[in-house]
Amino acid sequence: MVQKQQAAAGPVTEPKKRRRVGFSPADTGVEANECIKIYLVSSKEEVDSPDISCVKPVDLNDFFDGDGKIYGYQGLKINVWINSISLHSYADITYQSTTNGDKGITDLKSALQNIFAETIVDNKDEFLQTFSTQSDFIRNMVSNGEVMRSGATDGSSNNAEVVPSDLQVIRMEIGSPNAGLLYSRLVPLVLLFVDGSNPIDVTDPDWHLYLLIQKKEEKEDPLYRIVGFTAIYKFYRYPDRLRMRLSQILVLPSFQGKGLGSYLMEVVNNVAITEDVYDLTVEEPSEKFQHIRTCIDINRLRSFDPIKPDIDSAVQTLTKGKLSKKAQIPRFTPPLNAIEKVRESLKINKKQFLKCWEILIYLALDPIDKYMEDYTSVITNHVRTDILGKDIETPKKQVVDVPSSFEPEASFVVFKSVNREEANTNVQVDENKPDQEQQLKQLVEERIREIKLVAEKVSKSCLEFFSYQKLFVE
């Protein structure tokens, strides 16, 4: 057996002290939404004022790479002030300390410039000066624009509150003098408050800006400020028409809830009719905007006499009884000539009209509770059709393999079965049908909820309108 050799005895020495190694805690970062606040101000006195509330932008985390967090700062607070007169901005950044951990230190200046670009001002004093030195910026920018509407509404539209008399809607072609510069200062507002939106191409002359301007009379010159705006694109439709597509629309947060979005939308609708475009479409509308748009269109359609017989006919058929018990439910879609009349006269596109049609029928059913079961069956049919891309009562498409020496996997015949006859096919039956039916039920409930919300809003606005007219007459 081999024994471990013992070291020879020597002078006694003190054992060496072990060196302690410390590890700093992992930097978990802070979400941009938690440390950044946005303020819209119209005077230097409002900057840092406790009376000014911050506004809620879209998800700020999207502007920071990776997981949307900011790293390397302890006690970080970022207050961004936006001058609503000149559209300049200033970021007041404070923090307790920085730590260069495993994620490094986020470059805040670069991240903020990705949002605010050349509008951001580094020096606070310089920013405060913009309220005086740039007070006529909007007035100079829109001086060559075309005034599309000016002054208050009379309440006759049914869709909005009475709009103040100091408002104007001004149209500018994006290629006109100053329009590109003005839009470049609007881009931060687009990124912050229009969910999922990207800046438009200012080099494309087919873009138009519709600017909602507040004009306040001052001792010297009137003060102009932007309340909201929309960007409209005109594009060609064969053979000789133009279509309008609404791409972006925004009413600044401090002016929301006052009917100004409806006011701006009505101006755009009137332009579409006056200039006789083919129709007006909307690019990926948000749920909130779609609700406003539909309320406006419902009021327009209810006063559009050419389709009233078609609505009456649909309602009469639905109220005859127990559609929900029938094997095949009629589609209850408007006739093609009604779709064409609406498009040609009101410039409401087919997809939007079909949504409005369901609400028009709902509003015409009286009492609605008596016919709700059958009405729900109609909506279920519509939702199922939207999902499948075809009517459920139409003949089923069948796929049959055909022997062939040329690419056997790609050789087949598609035909429609008659009277629901079944054939030996390779159509796969989804084993998750109960789950699909549950999803369908949820979609139908959501559609019904949207219909009821619009119907309630429209009915309420009609009552308010008649009360307003009565007071006006008296």
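Using the three backbone atoms N, Cα and C, a Cβ is placed for every residue, glycine included.
Feature annotations, courtesy of TrEMBL:
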- GLU283: active site, proton donor/acceptor (ACT_SITE)
- GLN256, GLY257, LYS258, GLY259, LEU260, GLY261, SER262: acetyl-CoA binding site (BINDING)
- 30-195: domain 'Histone acetyl transferase HAT1 N-terminal' (DOMAIN)
- 220-277: domain 'N-acetyltransferase' (DOMAIN)
- 1-24: region 'Disordered' (REGION)
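Here the binding-site residues are GLN256, SER262, and the one whose Cβ sees the fewest other Cβ atoms within 10 Å is GLN256. The DSSP breakdown of the domain 'N-acetyltransferase' (220-277), given as helix, strand and coil counts, is 18 helix, 26 strand, 14 coil.
Here GLU283 (active site, proton donor/acceptor) is positioned 16 angstrom away from GLY261 (acetyl-CoA binding site), judged by their C-alpha atoms. For SER262 (acetyl-CoA binding site) paired with the residue listed as 'active site, proton donor/acceptor', the C-alpha to C-alpha distance reads 17 Å. The two recorded residues, GLY257 (acetyl-CoA binding site) and GLU283 (active site, proton donor/acceptor), show a Cα separation of 22 Å. When each of the binding-site residues GLY257, GLY259, GLY261 is scored by how many other Cβ atoms sit within 10 Å of its Cβ, GLY257 comes out lowest.
Between the C-alpha atoms of LYS258 (acetyl-CoA binding site) and the residue listed as 'active site, proton donor/acceptor', the distance comes to 24 Å. Straight-line distance linking the Cα atoms of GLU283 (active site, proton donor/acceptor) and LEU260 (acetyl-CoA binding site), rounded to a whole number, equals 20 Å. Taking each Cβ in turn and tallying the other Cβ atoms within 10 Å, the top scorer among the recorded positions LYS258, LEU260, GLU283 is LEU260.
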